[in-house]
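Engineer: Here's a structure for you.
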């Protein structure tokens with residue numbers, strides 16, 4: 001039994017060591033793409049270790065099963081060699097491709113690499129013959145080295161007869177391997193974002209295991225977006241004339257300063273349908289700037305968060321946040337304000353690895369991230385999804401008042417308690433869902449009242465906006481006007497006077513509207529509109545889910561199902577024109593996504 005266990009340990013550790021060595025080779029070969037120190041090389045190994053450990057378990061599965069069989073059956077020495085040859089070649093291909101292509105792609109090896117194999121001539125045209133020869137030599141050499149490393153140092157399982165106790169040990173170990181592959185018991189499964197730790201994207205990319213990244217992207221690849229091609233590009237642009245504009249043309253000034261401290265609070269699931277159980281928020285609407293006709297872009301937190309923070313649309317069946325090779329290149333509020341001297345911090349009481357939030361935030365300009373691991377163990381146990389809201393509101397308050405008043409700040413903060421299973425520490429209402437939003441409302445009230453007593457309030461702009469609405473009670477997908485209606489409220493000492501803005505807008509329009517008030521250019525936020533601008537002449541809002549998209553403007557609303565190829569809701573003046581507009585929007589947005 002001991003010899004068999006030692007074999008599995010040798011194989012596993014050797015695989016992890018190969019992954020770690022590949023990281024250093026990647027950094028050294030791509031030193032021109034990013035600066036790093038010797039200390040950074042060890043930091044990359046440390047932060048990437050969790051992903052390497054999980055990935056190595058995948059390749060341990062077959063040796064593990066063969067080891068179990070060897071309890072009763074003698075295993076010939078040659079049996080493992082084909083497997084060693086296969087993984088040696090696979091590892092060499094992955095590492096050489098990833099290391100070589102990074103200088104061109106600036107993101108890790110993923111499923112899109114296979115697209116280039118369809119056009120080998122174009123690939124060869126991009127590099128010299130000498131370049132390819134060197135890579136082939138390194139590929140062959142690496143394959144040979146990896147193969148002999150496994151053949152000599154791992155070998156084959158011992159073939160001595162075992163007993164039932166040993167079999168029980170393997171049976172118990174199997175689910176532990178599954179847990180290790182998954183990444184633990186939490187809601188967040190193993191993903192590339194868990195290794196991100198630095199503002200230096202080269203270090204983050206160096207920490208990512210390219211083999212895991214490839215298979216992860218394969219399982220999370222973008223669906224076939226060609227189904228959304230309906231018009232010639234010129235006709236599509238003509239249909240969207242006036243719908244998306246990046247100009248800010250107005251004399252309307254909502255703020256007392258062009259450089260306020262800014263806090264963006266994403267209120268979990270807090271659609272306008274819960275206004276009656278959130279009285280404090282309703283009172284705040286009288287003190288600030290309330291956008292009364294704001295609508296969510298999507299139906300999930302990962303999608304809504306990206307729409308708000310990057311001013312980018314959502315898509316029917318794709319989470320861009322889960323696709324780092326896309327989300328990492330989006331513009332963002334944090335990135336733009338950072339260029340203007342702002343310090344940026346984000347707080348989320350849950351696991352920031354969930355849906356790749358960590359990689360998205362670090363890639364788009366957020367300097368500091370606080371998540372569940374930065375709280376005590378007792379605090380971590382206060383909610384199903386992480387640290388409950390009253391505790392995180394206190395933490396963001398402390399961060400704000402302790403920050404330097406000499407430098408402008410942008411804080412981001414996502415609440416989480418108003419979510420299934422609706423567990424909150426107070427019981428004010430019988431309905432557990434309503435009660436959770438009532439609790440959130442109390443947290444907001446306490447936070448705002450405390451902040452008003454500090455000197456920071458006078459230069460403060462707080463933007464409160466829901467990440468999405470939910471299906472609850474009588475509100476479902478057949479009532480998109482009610483389901484997708486969300487609050488967007490600006491409050492703080494930097495507000496010039498209370499206002500109600502009743503123009504239709506999406507949550508993705510926050511970026512351009514905010515930059516319009518700060519007199520900052522937002523041309524690269526091509527789908528975010530300054531709703532106060534004179535150029536915003538055709539207010540239209542969009543929301544999508546599954547493979548359906550809802551649009552709403554002055555002529556009515558339409559919910560179009562792209563699978564059924566027909567509208568499910570068609571309450572508008574000109575159904576045919578509304579359908580064309582709906583199709584043009586999805587074509588334009590998906591085309592932009594493909595091109596990023």
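Along the chain as shown, residues are numbered 1 onward.
Quick reminder: no glycine exception, Cβ is built from N, Cα and C everywhere.
Where the annotation comes from TrEMBL, it is an automatic prediction and has not been curated.
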Engineer: If I go by TrEMBL, which of 245, 301, 513 binds Mn(2+) at the same site as 268, 467, 468?
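Structural biologist: TrEMBL names 301 for this Mn(2+) site.
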Engineer: Looking at the candidate ranges 167-185, 186-204, report the one that TrEMBL labels transmembrane segment.
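Structural biologist: Going through 167-185, 186-204 one by one, TrEMBL gives transmembrane segment for 167-185.
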Engineer: Which listed stretch (7-26, 83-105, 125-147, 167-185) has the most C-beta pairs under 8 A with the transmembrane segment (46-71)?
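Structural biologist: When the Cβ pairs under 8 Å are tallied, 7-26 comes out ahead.
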Engineer: Can you check how the pLDDT averages out over the domain 'Sulfatase N-terminal' (260-518)?
Structural biologist: 95
Engineer: Given a 10 Å Cβ-Cβ cut-off, pick out the one of the binding-site residues 268, 467 that has the most other Cβ atoms nearby.
Structural biologist: 467
Engineer: Determine the most Cβ-crowded residue among the binding-site residues 419, 468, using a 10 Å radius around each Cβ and all protein chains in the structure.
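Structural biologist: Neighbour-count leader: 468.
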Engineer: To the nearest whole angstrom, what is the C-alpha distance linking residue 268 (Mn(2+) binding site) and residue 419 (substrate binding site)?
Structural biologist: 7
Engineer: Mind checking which residues reach the transmembrane segment (125-147)? Cβ under 8 Å, same chain, six or more beyond either end.
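Structural biologist: Cβ under 8 Å, 6 or more out: 18, 81, 84-85, 87-89, 91-93, 95-96, 100, 104.
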